[in-house]
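Working notes, beginning with the structure itself.
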Amino acid sequence: MVTSSDQIQNGSEEQSKRSEIYTYEAPWQIYAMNWSIRRDKKYRLAITSLIEQYPNRVEIVQLDESNGEIRSDPNLCFEHPYPPTKTSFIPDKECQRPDLLATSSDFLRLWRISDDESRVELKSCLSSDKNSEFSGPITSFDWNEAEPRRIGTSSIDTTCTIWDIEREVVDTQLIAHDKEVYDIAWGGVGVFASVSEDGSVRVFDLRDKEHSTIIYESGEPSTPLVRLSWNKQDPRYMATVIMGSAKIVVLDIRFPALPVVELQRHQASVNAIAWAPHSSSHICSAGDDSQALIWDISSMGQHVEGGLDPILAYTAGAEVEQLQWSSSQPDWVAIAFSNKLQILRV
């Protein structure tokens, strides 16, 4: 187990570098954050601000491996209307597509990073309501890894919208829930799920847009579900978080209604969850107890007295708002707390 030390103890001396933790301090509180997926930009991340004033900020930062410093490039910093609720780089490991970054707030925006990395330009500003100057805030989005021209967004107006970002048109818009939709996740080319203020996890298949399957309901009236993560290595499993709850609920879509396991070692509300991109049995969580925990759920079918314990723990300096696991480098996890970004070797 690890506390707030300079290294995460994982038992392997060979893996130990000069430091296992790198920290970047932003001039503002960080909210959204994500890793680059491109093979040639493996230590690059985007971070966004949480500022009450209208113009917020987005920075693209990079770890300099030679000296262990995470640096911000002034050419790749830009203003953003309102605080972004999420940011994500295009899922393009092989660098075959334009280098794009997406952000969500009032609209879904796509930003293009120039080939020489000298500037960032707004490529698209997408709104599903063409008749209005304003749009219902977008709470989250997910970029389809199998079909990167598709992005799904969730909104407080109860809808999920599937965008074709190449044609800049709405592919599909569905009334997904009875109340605000807080998160969305793809489970394949044409299948996605969402969670809502109404307390349900629903799965949608784009081949049958009239119907959805309720996989789980929080059980108590007015208990919203706020986060959703779909296991990319084993799409039978997904995980969700109940608003204000210290537990993570893991679901098997083959057996709706009952969780297969509930992970209950956080001491305060969970804010973020992420499945390992390289392992079907590992998931990371982070929350208001300042902890980031990694769990091995391979034994989840068996009864464990007192419940599962995490296999790895890290204590940050404040409540952890954001967590992302690098898909291009699966031994690295990034967390954001207060004005700090940390990348941790796990």
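The chain as shown is numbered from 1 upward.
Every residue, even glycine, has its Cβ placed from backbone N, Cα and C.
Residues annotated as N-acetylmethionine in Swiss-Prot: Met1.
When pLDDT is averaged over the repeat 'WD 1' (79-121), the result is 97. Under the heading repeat 'WD 1', Swiss-Prot lists 79-121.
With DSSP classes pooled into helix, strand and coil, the tally for the repeat 'WD 2' (133-173) is 0 helix, 23 strand, 18 coil. Here Swiss-Prot flags 133-173 as repeat 'WD 2'.
Sequence-distant neighbours of the repeat 'WD 3' (176-214) (same chain, 6+ residues past either end, Cβ-Cβ under 8 Å): 139-147, 150, 152-160, 162, 220-230, 235, 238, 240, 251, 253, 256. The repeat 'WD 3' annotation in Swiss-Prot covers 176-214.
Same-chain residues lying 6 or more positions outside the repeat 'WD 4' (265-305) and placing a CB less than 8 Å from one of its CB atoms are 227, 229-234, 237, 239-241, 243-248, 250, 311-327, 330, 333, 335, 337, 344, 346. As annotated by Swiss-Prot, repeat 'WD 4' applies to 265-305.
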